[in-house]
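Heads up: the structure comes next, in structure tokens.
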Amino acid sequence: MCVLTKLVKTYLFSRLLLFSTSAHCIFYIFLKSPSPDTSLIGSKKYQDKEEVVLWMNTVGPYHNRQETYKYFSLPFCVGSKKSISHYHETLGEALQGVELEFSGLDIKFKDDVMQTTYCEVDLDKGRRDAFVYAIKNHYWYQMYIDDLPIWGIVGEADENGEDYYLWTYKKLEIGFNGNRIVDVNLTSEGKVKLVPNTKIQMSYSVKWKKSDVKFEDRFDKYLDPSFFQHRIHWFSIFNSFMMVIFLVGLVSMILMRTLRKDYARYSKEEEMDDMDRDLGDEYGWKQVHGDVFRPSSHPLIFSSLIGSGCQIFAVSLIVIIVAMIEDLYTERGSMLSTAIFVYAATSPVNGYFGGSLYARQGGRRWIKQMFIGAFLIPAMVCGTAFFINFIAIYYHASRAIPFATMVAVCCICFFVILPLNLVGTILGRNLSGQPNFPCRVNAVPRPIPEKKWFMEPAVIVCLGGILPFGSIFIEMYFIFTSFWAYKIYYVYGFMMLVLVILCIVTVCVTIVCTYFLLNAEDYRWQWTSFLSAASTAIYVYMYSFYYYFFKTKMYGLFQTSFYFGYMAVFSTALGIMCGAIGYMGTSAFVRKIYTNVKID
């Protein structure tokens with residue numbers, strides 16, 4: 001019977017692996033599905049007189065970066081050239097609201113075009129009002145030539161704000177190196193006053209010039225070294241490193257000295273007879289040895305959070321390494337596509353750590369735990385996106401996620417993430433699911449004695465996130481600015497250092513907090529260690545309020561809900577990751593100290 005059970009398990013596991021492999025293939029198709037016109041969309045090598053496509057992307061208010069609309073939602077006119085259809089190249093491009101539409105302008109490689117009128121706008125009252133509204137709200141638009149972004153302003157108002165003017169002349173200057181496009185510049189000219197019931201001619205010109213810029217370096221002009229490599233950035237990294245050295249030294253000195261005294265005191269107590277030991281003043285973390293490895297309250301949720309946190313850490317580490325090796329900022333949506341792919345591929349990490357911890361804590365409903373662990377983060381992200389999507393649809397914004405993209409994301413969750421999470425859960429339960437604690441767990445829980453207010457778990461949780469947040473808040477400013485403003489984040493070496501610093505500080509702080517808690521003979525350390533590290537998210541979210549009101553000029557329901565909705569998602573994911581890191585480090589510390597002390 002035992003042999004038959006093993007054979008059935010082996011068969012099911014092999015079929016599951018086969019299914020996961022097939023799911024990965026489906027996932028890749030969803031993630032990277034180029035259109036038939038990919039040769040016209042992406043960067044390529046050109047022949048003389050070959051067509052170069054100018055794609056119009058989005059238009060929107062300058063201060064609200066995420067509030068974007070289709071370019072032709074404003075009453076701009078289209079050139080006479082035959083239209084070219086465009087499909088989203090990647091899932092990340094679709095999720096980020098990229099809406100490329102053909103401009104209709106006739107541009108050929110190395111073929112100069114003098115100022116040419118390509119269409120006329122019949123400016124009735126409705127169209128004039130649309131342009132006036134756009135100019136009042138500082139609307140700008142984005143275009144692409146050979147994957148190089150170009151930005152332009154719609155128009156401007158006079159000093160009194162009574163008359164409004166539209167820029168009607170797009171003056172393009174394109175640099176080439178050999179048979180590659182390496183530089184694009186746009187100059188807006190032809191300021192025309194907006195008068196109802198008139199016709200406005202839209203024109204363009206193209207000037208080609210030879211450039212010495214290498215094709216590999218053509219995105220360097222969009223970077224801002226003076227901002228990201230400022231002395232303040234270097235100083236913040238140095239300051240965080242000094243904090244790490246100080247914390248590690250402090251934790252090592254205090255804990256080693258204190259633990260040495262504790263071991264000496266406990267060894268002395270072992271030499272006493274039973275009567276002297278009863279009359280002695282016993283206290284400290286040894287007294288809770290029979291309860292310290294007791295399963296945490298709500299083990300199903302706790303193990304799911306730990307598994308999800310380990311997966312988020314793995315995703316962050318891998319994506320940062322990939323971004324350091326590859327210039328992901330050079331392709332539209334590549335960072336988001338990479339993150340989605342890595343998250344799906346690392347699902348076994350979630351299942352392994354969550355499933356093994358749940359098994360060690362005596363959990364029986366492992367299938368339910370596996371489902372919660374698999375869908376905890378996707379449900380949080382998709383729920384927030386679903387809510388914001390309603391607002392985007394109401395505003396007719398390009399950020400509204402298409403139905404086909406929603407279906408693709410659901411397919412990834414059910415046919416990739418879930419099976420791989422199941423694989424990890426089975427491996428975790430079988431490889432490291434046995435409770436091998438160094439101390440026996442008592443049948444009856446020990447009463448927790450009263451202690452001073454600052455030793456209560458709630459106080460420890462609130463204070464535990466201050467130092468981890470202090471080690472990363474300068475980097476948060478640079479990350480926020482790159483996402484919510486118009487900077488391209490490219491210093492992923494800094495981000496890797498900050499991630500390492502965050503992990504070290506988080507582990508040190510949670511170890512100290514747990515030691516004081518156990519020394520007060522309170523054995524509820526699992527949730528305390530997790531939440532004290534996860535409280536970093538509270539301070540990050542509070543900092544996002546400061547950033548919104550004092551560092552940006554965002555306004556409106558759509559941009560506000562988008563900002564605070566996704567900042568809540570970011571802060572929660574960061575908190576879950578920090579909580580898992582803190583718990584894993586603290587768990588190793590607790591196991592170590594109770595292994596080295598003699599227990600009757």
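In case you wondered, yes, glycine gets a Cβ from its N, Cα and C as well.
Sequence annotations record features per position, and here TrEMBL assigns transmembrane segment to 12-31, 234-256, 300-325, 337-359, 371-395, 401-423, 458-480, 492-518, 530-550, 562-584.
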*Excluding the flanking five residues on each side, which residues at least 6 beyond the ends of the transmembrane segment (371-395) place their CB within less than 8 Å of a CB in that stretch?*
67, 69, 300-301, 303-305, 307-308, 311-312, 343, 347, 350-351, 354-355, 401, 409, 413, 417-418, 421-422, 425, 557-558, 561-562, 565-566, 568-569, 572-573, 576
*Two-stretch contact, the transmembrane segment (458-480) and the transmembrane segment (530-550), at least three Cβ pairs under 8 Å*: yes
*Given the cut-off of 8 Å on Cβ pairs that are 6 or more apart in sequence, determine whether the transmembrane segment (234-256) and the transmembrane segment (492-518) share at least 3 such pairs.*
yes
